[in-house]
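TrEMBL lists B:Arg26, B:Glu88, B:Arg127, B:Lys463 with the feature (6S)-5-formyl-5,6,7,8-tetrahydrofolate binding site. TrEMBL lists B:Asn234, B:Thr253, B:Val255, B:Thr258 with the feature K(+) binding site. Sequence annotations record features per position, and here TrEMBL assigns GTP binding site to B:234-239, B:253-259, B:278-281. Look at TrEMBL and you will find B:Ser238, B:Thr259 tagged as Mg(2+) binding site. The domain 'TrmE-type G' annotation in TrEMBL covers B:224-383.
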Amino acid sequence: MPEIQPYQGKDYDVIVVGAGHAGVEAALAAARMGNKTLLMTINLDMVAFMPCNPSVGGPAKGIVVREIDALGGEMGRNIDKTYVQMRMLNTGKGPAVRALRAQADKHAYHAEMKHTLEKEPNLTLRQGIVDDLIVEDGVCEGVITNTGARYSAKAVVIAAGTAARGKIIIGELMYSSGPNNSQPAMKLTKNLEKYGLELKRFKTGTPPRVDGNTIKYDETEEQPGDVEPNHFSYETPDENYLALKNQLSCWLTYTNETTHKIIRDNLDRAPMFTGVIEGVGPRYCPSIEDKIVRFADKSRHQLFLEPEGRNTDEWYVQGLSTSMPEEVQQKILHSIKGLEHAEMMRPGYAIEYDVVSPYQLRPTLETKQVKNLFTAGQTNGTSGYEEAAGQGIMAGINAGLRALNKGEFIMKRSEGYIGVMIDDLVTKGTNEPYRLLTSRAEYRLILRHDNADLRLTDKGYELGLISQERYDAFNKKRQIIEDEIARLNTVRVKPSDTVNAYVQSHNEKPLKDGVLATDFLRRPQVTYKDLLQFIPAPDEPLDRREMEEVEVQIKYAGYIKKAEDNVAKMKKMEAKKIPNNIDYDAIDGLATEAHQKLNKIRPETVAQATRISGVNPADIAILDVYIEQGKIAKVK
Amino acid sequence: MTATSEFDTIAAVATPPGEGGISIIRVSGDDVFDVVEPLFKGKNLKNVKTHTINYGHIIDPETQSEVDEVMVSVMRAPKTYTREDVLEINCHGGLMATNEILQLVLSNGARLAEPGEFTKRAFLNGRIDLSQAEAVMDLIRAKTDKSMKVALNQLDGSLSRLIKNLRQDILEVLAQVEVNIDYPEYDDVETMTTKLLLEKAQEVKASIQQLLKTAKQGKVLREGLATAIVGRPNVGKSSLLNQLLNEDKAIVTDVAGTTRDVIEEYVNVAGVPLKLIDTAGIRKTDDTVEKIGVERSRKAIGAADLVLLVLDTSEPLTDGDRQLLADTADEKRIIILNKTDLPLKLDMTELQHLAGDTKLIKTSMLQNQGVSELQEEIAHLFFDEGIESGQGNVMVTNARHIGLLHQASKALDDVMTGIAAGMPVDLVQIDMTRCWNYLGEITGDSYQDELLDQLFSQFCVGK
């Protein structure tokens, strides 16, 4: 075999390896901040590809998409252009947990994102496999491809996803592969070990796809989209919303005892249980064989049939993720109501891949071992397009800032789900593919989908990712909301027959005296729209989103205030920086476990240290005093 | 510990107890006025000048009954020990009033200060200079080991089980709420409505109230486990007493109103509050007449929940020893074999016969050996074998636990208020989670992924 001849390619400011959901956000952010950016992908036809479920959003995840949008990222805009169904979930619950979810046209999503990348002035999109990094004295200076090209860069982001030494498993069949039979990256992560990074193996999976022409829909339950308009991006206007008749429905069906028997009878062929699969899979997205074994007493499991797009008849069978042999997968499908004659177009599979243990990262997603090297997405042990995109934009921003020699951007837990996720990853690591859940956020009430722009647009603007025009519009919106809340704190609702008829129709006590409009709005059934019937209208009517914001901020003010008080205290702890050269060996009296963990994770603030399990209050107290002592010593 | 607990308002008894008629409960932090004001009948403390001392009464806000006549020092930041707002409640000494006031303060929103925490705050707020920093760390270190052990010991097994069960009940509710939120289309699980949540809150609150009731009756903390130290003259009773007292000066106190003759002293041994009976008898150095010793010993044994019988191993057993062994045979007792630094002259075979299955602890008071084994044995008897004080059960006796139970109960009140105000279940849940966390602080369970573990083991989800 002839040797590959190395050659010197162009110089870049930022290079992003991988063009999945993390990589595209990273590259766009870096480029839009003014960096000459190279985005490398193994296959240009798989840019922003959805190898698993054709949907975006849902609880916690949907809020991440809006956070990305507030930072000037692309995911929200892209799905708004390419969805086939939109649904707001949890509408019967509180404002903090409402969740927007879209069914995507996966081909359109990919094509639209690819085109967006191509149009971006500072960005070069190129097909190729990155085999290794250029690292000098612990500093990453570029990448080397399998074709021999050497590209230099001031910062590199790796978002390799499941391509990183990917291995697909279907029953007894096993082969090296990236997602959906793409080429795997066999060398890159292996080489990361050379630079001192610790890897682990994770596993994820996907269900079979079936031909929609062979589904008996009338034996399943229809799940249509919403009539009321909603989009992910704060920029997408309501008039763009698809009428319900132009949306595609999903369909609900169930497994049954026959399905379960087929699975149980074939467990000896299930790689999950025969020891073939070594990687750790996610508990929240178990394979169907896992569900049957772990929840043996359940007589059925829900399955959702989801369209993969408009110009395809391929359907995704949500809930049936499996790595059983192809033959068994077919039997499973045919045992299910509505799928008795379904033609399987692609079998489901499990995929194992390399992960960089995320405790090795700083909250900027830069690796501690190699300067100027950032990692994002599944490479960091997460799962999900939104989780990947959220890290992607953060890694891209920080790589961009590094290339510009401009400081760093860390999102606090109180500022966004993205901040929660990254803090969890770098502080606690993860033993399974990490998924965001609303319960991971201690400030859930503050991290709402309706206020992601209020939380983050300022930052996006400062970073140069939000246009002046958008920022002006945002500031206007913010002002309108503040003014209206202030106004409602002065206007009174007076008792009258109409008011009391309204109140009593909601089973509440009639008014005797006038009450503040804000207090009136805090009554359980009262909405802002209703309130407007009883008080003068504002000078300028509010739009749908402004109304929602005013209503939420007033109705839940008590809880919001409590949460904000906690955030304020937490900020004081976050202000206590731990010097990065701190020598934990020099601190007497730390408990052994605390000493080990602090040394391994090297938290950057005292607040972060408190979140490490095994670090106790007494250890924090000692650490606190030690740091303070060091400061005084320096001054003297 | 959460990161924000650093900014909690903290409280503790600040005086070296026992001596003098006054105890001081120090409260420090941003919320001192909110914490103390509702307990204080007198001037409105929020309005008084800084660095003044104010006469009034501490009342129990629940019953409106007076607890003690007090003077409250008001010191506003920054000219205070911690550089935070500080209130000091000067009350009549004595374990009972002091503890009751401390408990009220803790139930009203303050947290019991960690070892060295006032000093730590003083340091972090810049009040102490560098030379003292090392001392602060030593203090934290020295006190921590011990206090952690004590804290664990103080958790009675049955209390711990009860709290753990309550937490598990709450956890299942929380997991259900979470699964409703994160998997809204998952139709196999009942939707956790505010109605169900209300029922659960009421149920848990009833249990907590029941516990708090036992706390009110729980006399052990205030009265101590009646303990007699008996033995012939010169076997080392008084040295033992001194060892026990010196080991934990912090909680030794005299109880006002006891006669000079039958002084009872209080000591906290490894988390067990002991009421030492007739320490005056032990202290009498001129007590050479054996008769008095034996008589007093018998009296003491009759009143004791626990007997510490001291023998001298450097001498053969005497009839007096045998008599005491016989007299205490039916009591909870520990036999202390003292003076192991001297040659053994005691017939161990005979002793073992007389002692039956009583635990024997070898000590040398002179060389300070064996005392910690003795303390451990006392804790073991108390917590694991469940000696009961004469007054009945020993459920919740620890001021910190009582404070946390009150906080948990208040969080449940907030749950109910929220439900009454028509708040959605995921908001009401915030207070339910707080309740769960307070209970977790009692048992020391703060495993952060507990909720997710519960969720994924309870429900088969995936979307």
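Every residue, even glycine, has its Cβ placed from backbone N, Cα and C.
Locations of recorded TrEMBL features on the structure.
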residue: B:Arg26; record: (6S)-5-formyl-5,6,7,8-tetrahydrofolate binding site; DSSP class: strand
residue: B:Glu88; record: (6S)-5-formyl-5,6,7,8-tetrahydrofolate binding site; DSSP class: strand
residue: B:Arg127; record: (6S)-5-formyl-5,6,7,8-tetrahydrofolate binding site; DSSP class: coil
residue: B:Asn234; record: K(+) binding site; DSSP class: coil
Quiz item: Between the binding-site residues B:Arg127, B:Lys237, whose Cβ has more other Cβ atoms within 10 Å than any of the rest?
Solution: B:Lys237
Quiz prompt | Minimum Cα separation from B:Ser238 (Mg(2+) binding site), reported as the residue among binding-site residues B:Arg26, B:Glu88, B:Arg127 that achieves it | solution = B:Arg26
Quiz item: Rounded to a whole number, how many Å is the Cα of B:Asn234 (K(+) binding site) away from the Cα of B:Arg26 ((6S)-5-formyl-5,6,7,8-tetrahydrofolate binding site)?
Solution: 42
Self-check item: binding-site residues near B:Lys237 (GTP binding site), in sequence order, restricted to B:Arg26, B:Glu88, B:Arg127 and a 10 Å Cα cut-off
Solution: none
Quiz item: Got a sec? Which of these binding-site residues, B:Asn234, B:Ser238, has the most Cβ atoms within 10 Å?
Solution: B:Ser238
Quiz item: Hey, what's the Cβ neighbour count for B:Glu88 ((6S)-5-formyl-5,6,7,8-tetrahydrofolate binding site) at 10 Å?
Solution: 22
Self-check item: Confidence summary (mean pLDDT) of the domain 'TrmE-type G' (B:224-383)
Solution: 74
Quiz item: When a 10 Å sphere is centred on the Cβ of B:Arg26 ((6S)-5-formyl-5,6,7,8-tetrahydrofolate binding site), how many other Cβ atoms does it contain?
Solution: 24
